[in-house]
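Some features that Swiss-Prot has for this protein:
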TOPO_DOM  1-14  topological domain 'Mitochondrial intermembrane'
TRANSMEM  15-45  transmembrane segment
TOPO_DOM  46-59  topological domain 'Mitochondrial matrix'
TRANSMEM  60-87  transmembrane segment
TOPO_DOM  88-227  topological domain 'Mitochondrial intermembrane'
BINDING   HIS161, CYS196, CYS200, MET207  Cu cation A1 binding site
BINDING   CYS196, GLU198, CYS200, HIS204  Cu cation A2 binding site
BINDING   GLU198  Mg(2+) binding site
Amino acid sequence: MAYPFQLGLQDATSPIMEELMNFHDHTLMIVFLISSLVLYIISLMLTTKLTHTSTMDAQEVETIWTILPAVILILIALPSLRILYMMDEINNPVLTVKTMGHQWYWSYEYTDYEDLCFDSYMIPTNDLKPGELRLLEVDNRVVLPMELPIRMLISSEDVLHSWAVPSLGLKTDAIPGRLNQATVTSNRPGLFYGQCSEICGSNHSFMPIVLEMVPLKNFENWSTSMI
């Protein structure tokens, strides 16, 4: 989860988020090198006497500044495309959970179980217990097994929503009449928080998401108690 005055990304909890953080560092380094080169050229222009003012063309320079940007774009595009394909790939999910966005709460249905479904509302600030997080706690958490691929089917009952959990690298639009899917895989147990990331009305800020990732045995005990 995020902390006050945090400057970086949240700790990665899934393979996809780890890839996204590596891609972020990769792209940031390229941007840093380009910015340094531009600043260096500007400083030379400001401190050096202008020469070759009558030169009309320079084939070598034009070739370099055509090929070099193309190479840089390829270095950015290839890792990006790889991650996009990884995010769309779902191999043998052990569990499918259907998520529906409403104004202004989420509902969940475990399609592999009969009658295992519930609504998840934000806990009002006045009802929070000591240590609980304002605007992030819910009355019913989404309990899922860790270290296993889980398919999330995401849609909306009314307006556009977006189901997002940053530490897992997840952000999928919930669109009325359309069923989107995403893969959830957590490397470790714990509570992972997210929020609706699409402005959906006056209470848009009050649609938190809480995933509780637990070992498989604990998940089986929880699902048995819920049915």
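Glycine residues also receive a Cβ, built from the backbone N, Cα and C atoms like all the rest.
Shown here: features listed in Swiss-Prot, placed on the structure.
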| residue | record | DSSP class |
| --- | --- | --- |
| HIS161 | Cu cation A1 binding site | strand |
| CYS196 | Cu cation A1 binding site | strand |
| HIS204 | Cu cation A2 binding site | helix |
Using a Cβ-Cβ cut-off under 8 angstroms and a sequence gap of six or more, which residues of the chain neighbour CYS196 (Cu cation A1 binding site)?
-> GLY101, TRP104, HIS161, SER162, TRP163, ALA164, HIS204, MET207, ILE209
Densest Cβ neighbourhood among CYS200, MET207 (binding-site residues), 10 Å radius = MET207
Same-chain residues six or more away whose CB lies under 8 A from the CB of GLU198 (Cu cation A2 binding site)?
-> LEU160, HIS161, SER162, ASP173, ALA174, HIS204
Quick one: of HIS161, HIS204, which of the binding-site residues has the smallest count of other CB atoms within 10 A?
-> HIS204
Other parts of the chain folded back onto the topological domain 'Mitochondrial intermembrane' (1-14), taken as Cβ under 8 Å at six or more residues beyond its ends = 20-21, 24, 133, 136, 166-170, 184-188, 190-193, 213
